[in-house]
Amino acid sequence: MSGVMVGSHADMAPASTAEGAGEKPGPAAPAPAAQYECGECGKSFRWSSRLLHHQRTHTGERPYKCPDCPKAFKGSSALLYHQRGHTGERPYQCPDCPKAFKRSSLLQIHRSVHTGLRAFICGQCGLAFKWSSHYQYHLRQHTGERPYPCPDCPKAFKNSSSLRRHRHVHTGERPYTCGVCGKSFTQSTNLRQHQRVHTGERPFRCPLCPKTFTHSSNLLLHQRTHGAAPAPGTASAAPPPQSREPGKVFVCDAYLQRHLQPHSPPAPPAPPPPPPPVVPELFLAAAETTVELVYRCDGCEQGFSSEELLLEHQPCPGPDAAPQPQEAPAEAPKADQPPSPLPQPPPPAAAPAPGFACLPCGKSFRTVAGLSRHQHSHGAAGGQAFRCGSCDGSFPQLASLLAHQQCHVEEAAAGRPPPQAEAAEVTCPQEPLAPAAPVPPPPPSAPASAERPYKCAECGKSFKGSSGLRYHLRDHTGERPYQCGECGKAFKRSSLLAIHQRVHTGLRAFTCGQCGLTFKWSSHYQYHLRLHSGERPYACGECGKAFRNTSCLRRHRHVHTGERPHACGVCGKSFAQTSNLRQHQRVHTGERPFRCPLCPKTFTHSSNLLLHQRTHSAERPFTCPICGRGFVMAAYLQRHLRTHAPANTPPSTTAPAAGPQPPAPLAAARAPPATQDVHVLPHLQATLSLEVAGGTAQAPSLGPAAPNSQTFLLVQTAQGLQLIPSSVQPPTPPPPPAPPKLILLPSSSAGAGGGRARQGPRAVGKAGQGAGVVWLPGPGGLGVQGAASAGASGTGQSLIVLQNVGGGEAGPQEMSGVQLQPLRPAPEVTTVQLQPAQEVTTVQLQPAQEVTTVQLQPAQEVTTVQLQPVAGQLSNSSGGAVATEAPNLLVVQSGAAEELLTGPGPGEAGDGEASTGVVQDVLFETLQTDEGLQSVLVLSGADGEQTRLCVQEVETLPPGLTEPPATGPPGQKLLIIRSAPATELLDSSNTGGGTATLQLLAPPPSGPASGPAGLPGAPASQMVQVVPAGAGPGVMTPQGLPSIQIVQTLPAVQLVHTF
């Protein structure tokens, strides 16, 4: 039967198995005579066909190629069986179950599942096998024979399939490609396991809880946490005496070995250990995908798709294994007696389990060494970094602590004491954690050498595996053997090339089932899944902070070690990450690779570009909770929040009371009043002090009442002018200079005549209430002119002279002119200079409810006057010439009213008395009207009534108004003074074709007045009335006067713009 099995397994079993079967068919059958010997290796065969088939193993010849796929075979029978895999033909059916097979040998192997026959028994350890290929492979574990060497490296293997898989390392061949993401693998089993990432299949379910797993090894390791029966491969022989004492329990042997390291060694010398058993290498076979899992391990019930996979699977002693005579002696050996190596089987602890999974992150490994290397990434090696809160145990790894704490959870749930050693899988001897002689901590290089044995000779960097060192050496040599065919970019490993090629294909094969995001790479996909689950399996051994991947943990460790391995070659500055170094090098190179698509600005970082792009849009994700302003950056918001609190007031540290009670420093800013009337000039760029009227809604008082005012800064932004609160109070403005005290005197060339002078209006600025100027009419009437006083020592004084337009009655009004003379010394006379609007530093906004209407009052007499400049020279009482100059002012500040001079003129002494009376006010105000902020000329009558006139500049006259004769210098523009409502304009039809004029209403004289000698008599009180031109006194009643405009040219255009 063994010959048939060997012959039928010539292609599927390893070549050495067939050869060995012909050479040594098994202990139950005698070996046939060997007639044909191989000249290469000396092996002998009974048939020439076997020798020919064997020689193709040395030459690598595979003459039989499949027409449907690239596979080739050494024998025709292997090709025949392989083609049945394409056609689906399975002519051999099991009589006990519905399964069918493509070759008779597979059926015979399958029949052993039903019969349970184990015909091949090992003479050294007594293990029994169902198949000869497993038996031959097992014999090589005892002999250490590896007859299949690699021609490219010194490695050797126990069967040809393992050698073929190893050859892929040198050739880079990955024949099994995923149809979804294009990732390729060297073995079909790896491809099937990978495809579960896309399908979400988790076929291995725990019978004790609803958890599912993608690998059976993960399930087996998980079942140990439930306290189930010991999994295959766990300790079955009697442990050493030290381990039989009650102690800590671990899930797998790797945790125990790592836990034993901090313990001090026992005082007596340890007995010599038995010879180390030969542990088979674990590899996954490249089986055909159409074959079902017909090969099942009797120890762990794990199924395999081919005999080679089952052969490579670690043999597990099953419950149906026959008792071995050498299994256990009648009496357990003593502690000082070494166990007999031959009669006993190899120590089971040395045989790894089918798979080892990392508890924190779920990764699985085929060997204990692989799991041990991986677990160093979860915690600090050496030292007791993790301590159990339920007992005094401490562990160097987080995984060990998690496995240990599961024991306490099970004990609490069952209400029983901790499990004893005989019920445990792996037992730790209970020794004191702190030995009598404290063990000094290992040097910093010791853990690295223990955990990372492969060290680079160039830079001293260490690695866990030889492949990591090999890839690292390519950084020093610059070797990039894997080149992209699309763009020519080269990489040091094939996996990096496969990842890079997705940039050209755009394939995003990994899709999140919760949010629908797709990813190109599995690592990004796994990291994204942890964002949903909140899982952070990688914990820092120093501070306990956890991370989602190992790279973040490695970068974080630089914080504790202070390591900055990446140094700049230009300035020597070092960095913890290569990305920071690349960004820093742009400072030296001037590279700014990130360009804004909306403007020519460039940036060195993509984050700066994203922040800049918010300035082009209305996006302001960071909003102030106090005033509602938005900002593009959180730093800008934090800086803005400081403006709401006074700089010298510390933030409140008391707990806020229940309810909407803001902190004390921000009480005034958090609770604005119910209504605010704030009007800001749109062109002003200055510090504004806004007085805000309080409403009904008031903030709760938490301290001294804050002033109901706030200083703002008006700033021009892309969205327009914005008010920004300023915590810096503006300096107190200096007090205004004392206004000059002026009086209008008739010139020395005054004509003869009697009569009393009429008292005209007075001009008053906003700064001086109750101050005034006396206007004396001359022979030519009243006019407006700017002149400089000849008697004044100072220069640049701006004066106002009134002159009549038309001739009037003989008397003081017909004097040639009047002169504005200061009452104080000339240095004290100040000139009012109006600055441009952008130089105004403080603006006091008036309430919007100010009166803006014009009330026209009737008068008894009408005198027509027109405002115009006067050219030429004027004479004064001293006889000196007064040179006229272009006026720079519209308003003249005057002194107090009590210092006004009154009395008869030089030629009027004794003719009558002049009465002081109440003079009229003239001032400018900035008022809020329906049309916005406007400058208004306010005329106050003798009886306290006010008339407001608006001032504006125009290029052309409106209909119905005629331009006066140009008497001033060239370049004059038009200034319109109109009533504040300005709802109607006077046209020629309303006035009979005349021109709009300004009239003075002069009442009859009230009697003589006394005054200083040498001064003319003061005129009587007058009122200003706006009437249409051409209308005589008494022709039109004052109540029916419409709103009109007065046109006057002024040479100083910039003065108009200040209002």
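Backbone N, Cα and C define each Cβ position, glycine as well.
Annotation source Swiss-Prot lists compositional bias 'Pro residues' at 263-279 (among others).
Among the features that Swiss-Prot reports, compositional bias 'Pro residues' is placed at 336-351 (among others).
Taken residue by residue with DSSP, Thr199 (phosphothreonine) is part of a helix. Sequence annotations record features per position, and here Swiss-Prot assigns phosphothreonine to Thr199 (among others) based on a large-scale study or a structure entry.
Thr589 (phosphothreonine) falls within a helical segment according to DSSP. For Thr589 (phosphothreonine), no same-chain residue lying six or more positions away in sequence has a CB closer than 8 A to its CB. The feature phosphothreonine is assigned by Swiss-Prot to Thr589 (among others), with a large-scale study or a structure entry given as support.
Marked as region 'Disordered' by Swiss-Prot: 226-247 (among others).
Annotation comment: Swiss-Prot describes 260-280 (among others) as region 'Disordered'.
The annotation region 'Disordered' is assigned in Swiss-Prot to 312-351 (among others).
Under the heading region 'Disordered', Swiss-Prot lists 644-674 (among others).
Annotation comment: Swiss-Prot describes 818-864 as region '4 X approximate tandem repeats', evidence class similarity to another entry. If you average pLDDT over the region '4 X approximate tandem repeats' (818-864) in this model, you get 46.
According to Swiss-Prot, the region 'Interaction with TAF4B' annotation covers 943-1059, on the basis of similarity to another entry.
Annotation comment: Swiss-Prot describes 843-853 as repeat '3', evidence class similarity to another entry.
What Swiss-Prot lists as zinc finger is 92-114 (among others).
As annotated by Swiss-Prot, zinc finger applies to 120-142 (among others), with the evidence given as sequence analysis.
The zinc finger annotation in Swiss-Prot covers 148-170 (among others) and rests on sequence analysis. Remark: secondary structure over the zinc finger (148-170) totals 11 helix, 4 strand, 8 coil, with classes taken from DSSP.
Residues or ranges marked as zinc finger in Swiss-Prot (evidence: sequence analysis): 176-198 (among others).
Summarising the annotation, Swiss-Prot assigns zinc finger to 204-226 (among others) and lists sequence analysis as the type of evidence.
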If you skip the near sequence neighbours and keep only those at least six away, which residues in the chain come within under 8 angstroms of Thr199 (phosphothreonine), Cβ to Cβ? none
Secondary structure split (DSSP) over the zinc finger (454-476) reads 11 helix, 4 strand, 8 coil
Give the residue counts of the zinc finger (204-226) per reduced DSSP state, in the order helix, strand, coil. 11 helix, 4 strand, 8 coil
